[in-house]
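Engineer: Feature annotation from TrEMBL assigns Mg(2+) binding site to Asp477, Asn504, Gly506. Annotation comment: TrEMBL describes 39-144 as domain 'Thiamine pyrophosphate enzyme N-terminal TPP-binding'. The feature domain 'Thiamine pyrophosphate enzyme central' is assigned by TrEMBL to 237-353. Residues or ranges marked as domain 'Thiamine pyrophosphate enzyme TPP-binding' in TrEMBL: 447-571.
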Amino acid sequence: METGIGSVDGPKGAPSGAVACPATFPASSPTFVGSPEATLGRHLARRLVQVGVGDVFAVPGDFNLTLLDYLVAEPGLRLVGCCNELNAGYAADGYARAKGVGACAVTFTVGGLSVLNAIAGAYSENLPLICIVGGPNSNDYGTNRVLHHTIGLPDFSQELRCFTPVTCYQAVVNNLDDAHEQIDKAISTALKESKPVYISVSCNLPSAPHPTFSRDPAPYFLAPRMSNQMGLEAAVEATVAFLDKAVKPVMVAGPKLRVAKAGAAFAELADASGYAVAAMPSAKGLVAETLPRFIGTYWGAVSTAFCAEIVESADAYLFAGPIFNDYSSVGYSFLLKKEKAVIVQPDRVTVGNGPAFGCIMMKDFLSELGKRLKKNTTAYENYKRIWVPEGQPPESKPGEPLRVNVLFKHVQKMLTGDSAVIAETGDSWFNCQKLKLPDGCGYEFQMQYGSIGWSVGALLGYAQGATDKRVIACIGDGSFQVTAQDVSTMLRCGHNSIIFLINNGGYTIEVEIHDGPYNVIKNWNYTGLVDAIHNGDGKCWTAKVTCEEELTAAIDTATGDKKDCLCFIEVVAHKDDTSKELLEWGSRVSAANSRPPNPQ
């Protein structure tokens, strides 16, 4: 079982660092039939601990207060209070990336609709996330009453209807008789489907005892999904015939390796096959970049140097868990052909234009394929023939305004196996893609949903879950303005993350797609803001840098004397200082967005 950073294969170590709960927890004592402790609230809290949740990211509201009492009281569980529901959802997203499952708790409708955007993002990224909402009193259902925190209609289903498209299961718990079953089914469905679920609990039920909650919740077993053996054999046979006749085949990792828990199987196949190995941008961090024949990120026209040429000129390519959308395909400009591709999804394999095989688990398929393929290193040998070592940014003159490529040259030097990188939506996507990750270094970004501001909450949650990592976040000023408040929660939790705030005066990624005055934002005193949030409570250090000498001094301090502090480094950059990849990508996405309507 894979348990490294970036997988969602389960818990990784005991929780540490506390907000609103002690750091050391006593053992849970059993309860008995008829015990006043055999309550819904205790049952839900225990279930969260059992599946590996050590932290619940929450915002209080009158409908969830009693339930929060039970989360606070539960041994092994911490309640992490966030500044708003959106950030609580983003934090649960980041925590799920680090620990395998995340949870957040908010109040009815005003909280639920605020967290909804984060839940949608987690759904798009296939993350198991348990969203708990405190709901109306059970006696109010069916009474035609109008309640506060609603839109003024006697209809309590609006929130549920909003959550339905972005969760894989919804449980409305407003009576005790089936509460046990609903809660357990919701949590198990989140884990099985690797998607968020919605649990609404009536505000008067958490403290209510019921016989079904007696004693500790019995651990339950999630039966693993199994491959159809005849189908698996047929799929492997067809794929071997397809790939073994190719002269220069390659293999490419996609983001659904995570949900398929197939990272180790992919690495084994890479070793056995001898193929050149690339990763789609949204799969960065899911496969080791130290694999012997790793050639970089395949992202069409903005790929790592020499990578796209090898992939797109191959006569066969195996994609494991890809997502092909307008962003990942650079405005639909990939030079790939379906008839050359083997597409391996978590439970399905398609060979060229057909046949397709269902009920085939990716992990099983890749493992079996590795035993059967002939070794073929031709594509990698071609790569080595055309590869030219990367250049370095020109040396900066003393006091010269800092360039972004110089910043990332120094970020690269900071990375170790004890690091992790969080890349915000924007030019950080492209600059962080070029970082070479040492073994064990985590990497996360939200490519499918691409919600600006995601990284602040995700940094909070990821750092709370990955306590063995020092997390480095690269965040643009526009994104930071969306969700800046929860730097406060990072300080309360005692985090020592390093935030590079790239201040270039606007929404640079939008500028390169379609510019206008709306892409210019009000400049903030960012270090002053973080100092004000710090307010002398917690460990925090800030710096503002404008040239390379100041940057290197700041990094030395952040990794030296202030290594135990949350370090916030504002990097001032020119508004037009972007990666060349963003310039290319932006123009292609702009062309895709501006296609005229088809003739009717």
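Every residue gets a Cβ built from N, Cα and C, even glycine.
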Engineer: Per residue, counting other C-beta atoms within 10 angstroms of the C-beta, which of the binding-site residues Asp477, Asn504 reaches the highest number?
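Structural biologist: Sorting the candidates by Cβ neighbours within 10 Å, the top entry is Asp477.
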Engineer: Quick check: which same-chain residues outside Asp477, Asn504, Gly506 lie with their CB within 8 A of the centre of the Mg(2+) site CB atoms?
Structural biologist: Gly476, Gly478, Ile502, Asn503, Gly505, Tyr507, Thr508, Ile521, Ala573, Lys575
Engineer: Provide the number of Cβ atoms within 10 Å of the Cβ of Gly506 (Mg(2+) binding site), excluding the reference atom itself.
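Structural biologist: Step by step: centre on the Cβ of Gly506 (Mg(2+) binding site), count other Cβ atoms within 10 Å, giving 20.
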Engineer: Could you put numbers on the helix, strand and coil content of the domain 'Thiamine pyrophosphate enzyme N-terminal TPP-binding' (39-144), residue by residue per DSSP?
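Structural biologist: Helix (H, G, I), strand (E, B), coil: 51 helix, 22 strand, 33 coil.
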Engineer: If you run through the domain 'Thiamine pyrophosphate enzyme central' (237-353) with DSSP, how many residues end up as helix, strand and coil?
Structural biologist: 39 helix, 27 strand, 51 coil
